[in-house]
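Asker: Sharing the feature lines straight out of TrEMBL:
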- 246-384: domain 'GGDEF' (DOMAIN)
- 393-644: domain 'EAL' (DOMAIN)
- 32-51: transmembrane segment (TRANSMEM)
- 57-73: transmembrane segment (TRANSMEM)
- 94-113: transmembrane segment (TRANSMEM)
- 119-137: transmembrane segment (TRANSMEM)
- 144-163: transmembrane segment (TRANSMEM)
- 169-186: transmembrane segment (TRANSMEM)
Amino acid sequence: MIQNTGELAKDASAEQNIKAEQTRLIYRSMPFSLLAILINSSILSLVLWQVIEHSTIIGWLVAVYLTTLYRFLTYRNFLSTKPAQDGIEFWRRLAILGAALSGALWGAASLLLFPLEHVAYQALLVFVIAGMSAGAVTTLSSIFAASATFLLLTLLPFVWRFLFLESDVGYAMSAMGILFTLIVVISSKRLNQSIQESLKVRYERQLAEETIIYQAHYDELTQLPNRRLFIDRLNQEITRAQRHQHFGAILFLDLDHFKNINDSLGHRVGDILLQEVAQRLRRRIRNEDTVARLGGDEFVILLTEIGDSREITSSWAQNFAAKIQLLFTEPFMVQEHELHLSASIGVTLFPINGAVPEDLLQQADVAMYRAKAEGRDQSRFFLPSMQEAVHQRLEIEKGLRRALVAGELELYYQLQVDITGACIGAEALLRWNHPERGLIAPNEFISVAEETGLIYKIGDWVLATACRDMAQIGFNRPITLSVNVSPKQFREANFVERVQNIINGCRINPSQLRFEITENVLIENLDQTVERMQQLKKCGISFSIDDFGTGHSSLAYLKQLPVEMLKIDRSFVRDISTEPNDAIIVETILDMARHMGLKVVAEGVETPEAFAFLKEKGCEYFQGYLFSRPVPLQDLLTKMESTAA
């Protein structure tokens, strides 16, 4: 099979990285190696002083010292230079040359320092040369050319010297010398292969982690920061602005009539157009600013440290918004289509007392829709008169408080199945049965619950209800019930105690309970997180990481956490059969989980094509509309019976 250009470039990069690390390894071990050479050569010369001509010993020892000095200076220069990857080959060759010179000198010792009449001194020489050869296996094998060169130049003269003694003992020593040479060279080769494999695995893991992190924080189409990264940067800028008493601004852009272009010319043209828009925006902002794509045709710009007063900041932001609109006066040329675009822009300033990043984005979004409503192709600042949209959050908070008292919260369950379609578990999903709006999904109210602290009461209700339902499902069903745990709820001081009380009160088997935590739980106070997870695991509860691939977790965290399962986020699964990057991310997660002994559940499996792809790549557990929509408990029991049948 012919590899494409990207795969070849990736392989070449991997090989270059491995070679560079091999070179660094050999230089790291050089001080110990050189010290051993100095000590052994000095002791050998001192002992042989009585039986070998002094001028020969002095000449050989001076050559050894000079070679060692050369190698030490090379080592010092390597450390001070810190060569880039493209310049590592030069230092690799210098390392091989140094090993060759040292090997040649130790080989010369077998010829020049061999005491013909003194067997005891011969034994000492043999012992030193064998020891230096064995040491070379450990210090030089990261580059096989260096170790092999040293070993052959050191040992072949030794073999030749005994061969020409023309005695039975000499022949025997030559034969054993050849055997020893083969053994150490083969050992060096095997060690070199082990080092290469270890470096390759480490490089691939690092690359996989970097890929997942990048894909989780950058928009695939435009390579701009995505919403997650933008929120993170905005949060930092709010803190800095409050500390240093300055103001910044957020510009929310929406392309006018972009849907018409997509519908008439196709998504390919639309995607290229979005990339062109991203390029123009990126070139227009300052280095300290951020432009991100939130999704679709929505972009947002973070302007930092604009002014020390709201008046100056407002004027500066208004002028900048006008400059952004000027970017759209020149038409875009996409596949021979001349496309004319405009943008509606909403602007809000920060910091505002009590306003979190999500609030500011919502304000800018509200202002943008006002700009659209007033004719498009213009900008509007967020004003108090636009507060109606923001006040909806207060209405949600009031409604949630009422819902907890009035019993409006309900649990629905979505089946989790194995590769055969058999039920292996279910995830408990919260719904709000609003008296006027009907069932409301948690994405509309959970953020408000977390901000207001209602998440603690809601979380307790969810866990208690799920455990009561688990008791109704029964012990004899070999399934696991997954319950989502909010980061705030998980970090609460008495969380473990409350969980134990709920489990004991419902009299369920805790081994049938799994907590789903998000990656955000992992990045704050890792030691406390591990301790809390271990306490819950002792109770019998297992853990999975929800929406894996979209947060901040790393392999270093995963190795420390008592996690049994990863859940691939539905955003990667939804278009897995048509989006190559999503497929690569999913394959990477599956491979990583397999190496770490973790189970994987793919969320959001909605089509037979996605199911077939995931099965082919080794995924064993699935969840999504293809198997079951979220249903009430009684419907869940019915579905479990049907899947069992």
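Each residue, glycine too, has its Cβ placed from N, Cα and C.
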Asker: Six or more residues beyond either end and a Cβ under 8 Å away: which residues meet both conditions relative to the transmembrane segment (119-137)?
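Answerer: Here the qualifying positions are 33, 36-37, 40, 43-44, 47-48, 51, 99, 103, 106, 109-110, 113, 147, 150-151, 154-155, 158, 173, 180, 184, 187-188, 191.
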Asker: What average pLDDT does the predicted model assign to the domain 'GGDEF' (246-384)?
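Answerer: A mean pLDDT of 91 is what the model gives the domain 'GGDEF' (246-384).
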Asker: Please report, as numbers and ranges, the same-chain residues at least 6 past the borders of the transmembrane segment (32-51) whose CB is under 8 Å from any CB of it.
Answerer: 57, 60-61, 64-65, 68, 71-72, 75, 102, 109, 113, 115, 117-118, 121, 124-125, 128, 131-132, 135-136, 139-140
